[in-house]
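Participant: Residues or ranges marked as compositional bias 'Low complexity' by TrEMBL: 11-28. Feature annotation from TrEMBL assigns domain 'TECR-like N-terminal' to 44-137. The domain '3-oxo-5-alpha-steroid 4-dehydrogenase C-terminal' annotation in TrEMBL covers 212-365. TrEMBL lists 1-33 with the feature region 'Disordered'. What TrEMBL records for 142-164, 223-241, 253-272, 293-315, 321-339 is transmembrane segment.
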Amino acid sequence: MDALALEATSGKKPNNAAAPGAPGAPAPAKRKPAKKTKKAVVFFEVEILDAKTKDKLCFLDKVEPNATIGEIKSMFHKSHPQWYPARQSIRLDPIHSLFQVDVRIRGVCVSEGKSLKDEDVLQHLPVGTTATFYFRDLGAQISWVTVFLTEYTGPLVIYLMFYFRVPFIYASKYDFTTSKHWVVHLACMCHSFHYVKRLLETLFVHRFSHGTMPLRNIFKNCTYYWGFAAWMAYYINHPLYTPPVYGEQQIRLALIIFLFCQIGNFSIHIALRNLRPPGSKTRKIPYPTKNPFTWIFLLVSCPNYTYELGSWLGFTLMTQCLPVAFFTMVGFIQMTVWAKGKHRSYLKEFRDYPPLRSPILPFVL
């Protein structure tokens with residue numbers, strides 16, 4: 001009996017035992033917080049080869065996956081100081097192909113056979129952890145602002161030299177004389193207004209997606225603009241120049257067309273400027289604004305070229321001069337090439353791009 005009683009009492013807890021949380025009770029043991037496991041960062045190895053010779057130019061170790069092509073160019077520049085970032089063309093393929101293949105990686109369209117953009121991120125490109133890129137030297141570079149200011153200042157000065165008939169242009173008896181036709185003076189004002197507008201837009205309106213262009217282009221561009229300006233100005237300001245056939249009515253109509261298109265061109269440049277925040281390279285679909293001159297965006301991808309063409313058609317009608325007509329035709333061909341390129345770029349980049357738009361002329365071209 002005593003043994004059974006002892007057994008029964010030994011299994012019971014004493015009544016005076018302190019409950020958990022009561023005064024005098026031992027504090028429960030604190031659990032140590034589980035350590036958070038850090039995700040291992042997978043670094044990239046970047047190999048840069050010469051696009052022509054396939055020689056290894058640079059090897060970059062432990063490149064972060066979120067590094068951009070612009071940052072890789074800066075790293076490459078440290079080992080090769082003669083090739084500053086603006087001079088570098090980094091691409092996925094060694095040779096620029098006529099047939100570009102568009103690869104969409106995580107919503108980003110990458111064109112194989114084309115230079116990669118500075119904002120392209122390494123881990124979003126179709127490369128492995130050991131990435132191979134191909135380098136091509138673009139040659140000496142010059143800023144777009146410098147090019148535009150140079151190529152636009154030339155026509156302004158050259159035209160005025162012919163307008164004031166400085167010596168050694170026409171016969172000496174015409175030195176510093178003025179034309180008797182008022183259309184000659186009007187043409188000078190329109191031509192000067194056009195290029196002053198372009199200079200001011202270059203300084204205060206345009207935002208360039210690319211900061212530089214090859215230095216050799218400035219000679220080509222200046223030859224084009226300066227040469228045509230001299231050719232047009234020589235005939236318009238010539239002492240034997242004859243005014244348009246239909247006289248004052250033709251000139252007034254041409255002036256209205258010219259001014260209308262100049263205002264339209266400026267309106268489009270402002271609309272395009274407002275699409276891109278300062279210092280960024282973001283691209284958006286341009287749409288019409290409250291300004292009626294921008295409503296042409298409903299039908300045309302590059303209305304700035306459309307208005308530019310209209311301005312020179314008005315100037316051709318005003319002066320009735322063959323060199324001006326030829327300059328307008330050549331400019332239209334070049335602007336059509338640019339407009340088609342931009343139109344294709346819009347279609348590739350934006351899947352919801354308005355299908356009704358044409359590159360430069362509504363429903364035609």
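Numbering starts at 1 and runs along the chain as it is shown here.
Every residue gets a Cβ built from N, Cα and C, even glycine.
TrEMBL entries are annotated by machine, without manual review.
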Participant: Should the transmembrane segment (321-339) and the transmembrane segment (253-272) be scored as in contact, given a threshold of at least 3 Cβ pairs under 8 Å and pairs 6 or more apart?
Facilitator: no
Participant: Are there residues at least 6 beyond the ends of the transmembrane segment (142-164) whose Cβ is under 8 Å from a Cβ of it, and what are they?
Facilitator: 176, 184, 188, 191-192, 195-196, 198-199, 202-203, 206, 208, 210-215, 217-218, 221-222, 224-226, 228-230, 232-234, 236-237
Participant: Mean pLDDT across the domain 'TECR-like N-terminal' (44-137), rounded to an integer, is what?
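Facilitator: That region's mean pLDDT is 80.
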